[in-house]
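**Student:** Okay, handing you the structure first.
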Amino acid sequence: MQLTAAVSFLTVLQEESVSIHTYSHSFLHIILQNLEHRDAGVSNAWLETLLAVIEALPKETVRHEILNPLVSKAQLAQTLQSRLVSCKIMGKVANKFEAHIIKREVLPLVKSLCQDVEYEVRTCMCRQLEHIARGIGTELTKTVVLPELVELARDEGSSVRLAAFETLVNLLDMFDADDRSQTVLPLVKSFCEKSFKADESILVSLSFHLGKLCNGLYGIFTPEQHLRFLEFYKKLSTLGLQQENGHNDNQLQLQTLEQEKKYISVRKNCAYNFPAMMVFVDPKNFHLELYSIFFCLCHDPEVPVRYTMAISFFEVAKLLNSDVHTIHKELVTLLQDESLEVLDALVGHLPEILELMANRGENNGSESKLLSIPDLIPALTTAEQRAATSLKWRTHEKLLQKYACLPHIISSDQIYYRFLHRMLTIILTNNVLPVQKAAARTLCIYLRYNRKQEQRHEVIQKLIEQLGQGKSYWNRLRFLDTCEFIMELFSKSFFCKYFFLPVLELTHDPVANVRMKLCYLLPKVKSTLKIPTDKHLLQQLELCIRKLLCQEKDKDVLTIVKRTVLELDRMEISVDAFQKRFYENDLLDQEKERQEHLLLEMEQLEKEKQQTEGRSTNINDKMFEKKRRDSKASSVLAKSINLSVPGSSSGTSAGKEEKKSKLVRSQSFSTQALHPKYSNIDKCPNKSSATGYTSSVSGMGKSCMLSFSDDSFRTHSTGSSGNAAFLSSSSSRNLFNSADQKNSGNKESQSRRMSIKNRKSNS
């Protein structure tokens, strides 16, 4: 009852159920009375209510009702509980009044409580010195608070020393350089030295505040002191792992469970402070100074350490900036961690981490910059499968939501073959509704950024067939969820083109829940229409609604149909032209449509580029083949020339050979079967010899004509195909012997006929 009353009194104040004056008069004295309750839990509950009330009360009320009675309650003669309450109240009122009031009325009580005989009171007052210092300013802090802290730092009670150390670290920004170098730094050095030797009680706190401490004292460190604190951090980061790594084999001792927990807490705090230590060292020196510690913390045997490292991973990646590629392997390691808690911590900032690695990695190719990490995509798929097989469906849902960033990180084909079909499988087989919806939304985003129309059509067809027309009503319900995401992510024209009619088909669904969900969705479906372009779709929608009104037998569905009809009647359909009331939505839809057309244009350009590259490759192959044949033909021709020149015996024989080669080339051109009408050319010299000299000359004339025409035909065909030019050299060489025999026979027969005619004329 007391605990509930304390919370209720605070609620009355927060909700301003009564005025401050009424609250002070009616409720405040009840709160003050219960501060002295004998039960510590009840007393602390009322104290928390009072501390919250002090902020809202007027200064005068606080001074008269709270601060003035505090002088008597803080005396040594009062109970321990009363003095502890007084310490906390003084820390709260320090920010309520001006510095001179605090100096006159509060600081004497503070000094008294800092020297209390009970260590609990000294510890409590020491922790309130930070709030008091913020209230009185830097000058009074230097003259009053700092000497008290120095004295408390040498207190016999370990809890008092710990509170003094933490307060000193939190107040570093209020001390000047002289105070830091002459007062704070010696105290900190003594704390670090004692932590391993005689006072392990402050080891956990020291490891927790080490990052703030090193950066707060950075300006006054000498290079030697800088290195000493860095080595101290490295030592804390591996505390308790030496024996596991095989060190100190001769000094093996059984550690107590308490010590093990303490060492785990120290390493966890080191993981928490790792980004701060990177700033202390300078991110440029990360690989040289801190990478080994980073590796150890990411592979620590204890889950809390790896969990803290996973939370800090994004901060480390931001600090590394262009050198983020140095921690690729550790990202893969944490993604493959056996603990789902570690995975859940890492996934929180996974899109930002992957984006940093994609934009600032070493690889600057046109494809994804993460292709330099061969294990990344398998690690992502493995992480999703482990989350799917566990009972922690919230982690699985979170993972699927974060995987929606992948279109900006890896290529469209990698998403299509490794992730997109997996999302569809989750929608079809998973039993957790939030997980199915997360998978559906991520699938729609993958579809939105897919760069191949064939793949998009395949996915759309599977969505319609396996979800919209699926045997399970649960799948058909998920189809309607998917359509909502499509209407959100895609343009109106895209939805109307592919999904409008499949959605309307569900008005005939045999399950009432499906028809009911469809009715809720119909206003959104109608909002995708544009008149007059989608006039036929509007008619289909009105027809389906009439059928529902006339044929629906389920009372609940019919009630929703009637309500939906009224809502549809009130809706205004947008037209193709821009309207003022729909201007922002139309602009957004126009941008979506423009991006969809841009994807189609990019796909077409990629196809044309591939065709051009393929054509150029073929041309290059043909040119290479041509050069190879030309070089081969020239080498053979050179050999034949070299063989024929030494064999010539006289100038007369050389002239005959030259004439003979010309005739052979002429006949070789004429004998090439490039066209059917040239197939009977060889028959001309074989006619009867009785035709005489005239027929012989005419035959030679025809042969010459055919030779010229054939040569011109070859030139034309060579220009068009690039292959016919290789026929002349080889074919002419092959016809040398046969052509020589034919020409010699024709010359002999012609010489006989001429000699016979000369004899007859002489006779």
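Glycine is no exception: its Cβ is also placed from the backbone N, Cα and C atoms.
Automated prediction, rather than curation, is the source of TrEMBL annotations.
Summarising the annotation, TrEMBL assigns compositional bias 'Basic and acidic residues' to 622-632. Annotated compositional bias 'Polar residues' per TrEMBL: 641-653, 686-696, in sequence order. Summarising the annotation, TrEMBL assigns compositional bias 'Basic residues' to 754-763. Among the features that TrEMBL reports, region 'Disordered' is placed at 606-671, 677-696, 735-763. What TrEMBL lists as repeat 'HEAT' is 106-143, 145-183.
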**Student:** For the repeat 'HEAT' (145-183), give the DSSP counts of helix residues, strand residues and coil residues.
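**Tutor:** Helix (H, G, I), strand (E, B), coil: 32 helix, 0 strand, 7 coil.
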**Student:** In the repeat 'HEAT' (106-143), how many residues does DSSP put in helix, strand and coil?
**Tutor:** 33 helix, 0 strand, 5 coil
**Student:** If you average the pLDDT over the repeat 'HEAT' (106-143), what number do you get?
**Tutor:** 91
